[in-house]
Amino acid sequence: FPBGZFTMZGCPZCKLKZBKYFSKLGAPIYZCMGCCFSRAYPTPARSKKTMLVPKNITSZATCCVAKAFTKATVMGBARVZNHTZCHCSTCYYHKS
């Protein structure tokens with residue numbers, strides 16, 4: 001895959017999708033959804049030696065996140081991000 005990105009079968013690409021829950025309350029609200037790159041591989045021995053808690057498997061991933069967004073108010077006073085552009089980048093929410 002020359003550009004480093006690929007699509008997995010059954011998993012849509014990272015793109016804007018309308019949020020049906022918030023959109024039914026007025027103007028459409030969009031959020032980034034879809035798949036990006038991820039892989040897992042055995043942890044190299046030299047890396048294991050530097051880990052506080054050695055792990056046998058190392059994983060790498062990027063997540064579908066907003067590259068740009070605007071703030072919107074829904075349900076009277078709830079502030080949400082209305083995504084306007086998506087890309088695959090650092091995963092902000094993950095288990096440690």
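Positions of Cβ are set from backbone N, Cα and C atoms, glycine also.
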Cysteine paired with CYS63, where Swiss-Prot records a disulfide bond, from CYS32, CYS35, CYS91: CYS91
Residue pair CYS14 (disulfide bond), CYS35 (disulfide bond) - Cα distance, angstrom, rounded: 5
Those recorded positions of CYS11, CYS35, CYS63, ASN82 having Cα within 10 angstroms of CYS88 (disulfide bond): CYS35, CYS63
Rounded to the nearest Å - Cα separation of CYS64 (disulfide bond) and CYS86 (disulfide bond): 7
